[in-house]
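Everything below concerns the one structure shown next.
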Amino acid sequence: METFLYTSESVNEGHPDKLCDQISDAVLDACLEQDPDSKVACETCTKTNMVMVFGEITTKANVDYEKIVRNTCRNIGFVSDDVGLDADNCKVLVNIEQQSPDIAQGVHGHLTKRPEEIGAGDQGHMFGYATDETPELMPLSHVLATKLGARLTEVRKNGTCPWLRPDGKTQVTVEYYNDKGAMVPIRVHTVLISTQHDETVTNDEIAADLKEHVIKPVIPEKYLDEKTIFHLNPSGRFVIGGPHGDAGLTGRKIIIDTYGGWGAHGGGAFSGKDPTKVDRSGAYIVRQAAKSIVANGLARRCLVQVSYAIGVPEPLSVFVDSYGTGKIPDKEILKIVKENFDFRPGMISIHLDLKRGGNGRFLKTAAYGHFGREDPDFTWETVKPLKWEKPQA
């Protein structure tokens, strides 16, 4: 049996780039909560003792940007300079303007267009992916890397591992078998965790705690064997972290946000963008399409691409690839996709209820992945029933 190795990585909520994603989405939530028609393009950057939010926002909402920044940093655990940032004493810079009137008239006609007439907020192409290798219909390498990161945060916040600090990264290598185009995971080959820690803990304690409290609860036993390799804080020291260790920027973790390197990516980031931005809404609807294809048994693995032109509602192209796992030809799957999914941005917004902010809805997406999550707010994870005829044997 010929196998291959494939690797996906993830980062924690305290990673500087992810901190920026979460601040940008917390701003989006606050705008949409008061004004569902808010137009938001919010970027964040951070470095030692400083956070800056900048971009274009047109909204009727009354938003205290500085308060949102400080609350988001505090909730993650950035409460003193030792851990990488002090939420209550860092500098917060705000440089936000209105959306360009040129873009506004072309996309939503200054809010006069009907939903089906709303044009794409920009050009671009987005991909959705699904695979039957996990219950979430997501790649196992990505699922495990993501869950290890989420578990690190959990044991830090619940006090199980009090030596943990907010920043950290995970990476998982899985050995796979290619079953006629479908991916079958056989075992976990390598687990890598690099986590920020305090001054007091030894490397041996770090390794023991990570194995017992992070790896064991997350990675199913059937995937681990005596040959599995563990790299636990391989650099030997990671006390300085967060924005003190590295600068951070919104939109720098787009593969972690999606499929861990599987499928494909059009390059557009998600966080801080309202649903007229097809980078986000387009990627969400094609995930729903790909997931529905696999869940309905049309294929074991599937990639869907959609593309747009600024100001034009209808997509320029839709593409489906079942990697040879389709029960019917890809062109027939494509026909089913076009009949069941409306790719116009205004209609995506309605069908996936994307104008609803508040309740940390988009903030939740900004750490530990936008896809494969069981949460009613992740409306794009709902499987649509698709009618199709099984070919006669």
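Backbone N, Cα and C atoms are what each Cβ position is placed from, and that goes for glycine too.
Features reported for this protein in Swiss-Prot:
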BINDING   Glu9, Asp17  Mg(2+) binding site
BINDING   His15, Asp167, Gly168, Lys169, Ser235, Gly236, Arg237, Phe238, Asp246, Arg252, Lys253, Ala269, Lys273, Lys277  ATP binding site
BINDING   Glu43  K(+) binding site
BINDING   Glu56, Gln99, Asp246, Lys277  L-methionine binding site
Rounded distance in angstrom between the Cα atoms of Gln99 (L-methionine binding site) and Asp246 (ATP binding site): 30
Surrounding CB atoms that lie within 10 Å of the CB of His15 (ATP binding site), all protein chains: 28
Three-state secondary structure, Lys273 (ATP binding site) (per DSSP): strand
Nearest recorded site to Lys253 (ATP binding site) by CA-CA distance, among binding-site residues Glu9, Asp17, Glu43, Lys277: Asp17
Residues near Asp246 (ATP binding site) in space but at least six apart in sequence (CB under 8 A): Pro16
Packing count at Arg237 (ATP binding site) (other Cβ atoms within 10 Å of its Cβ): 9
Rounded Cα-Cα span from Gly168 (ATP binding site) to Glu9 (Mg(2+) binding site), Å: 11
Maximal Cα-Cα distance (Å) across residues annotated as binding L-methionine, namely Glu56, Gln99, Asp246, Lys277: 30
Between the residue listed as 'K(+) binding site' and Asp17 (Mg(2+) binding site), the C-alpha gap once rounded to whole angstrom: 11
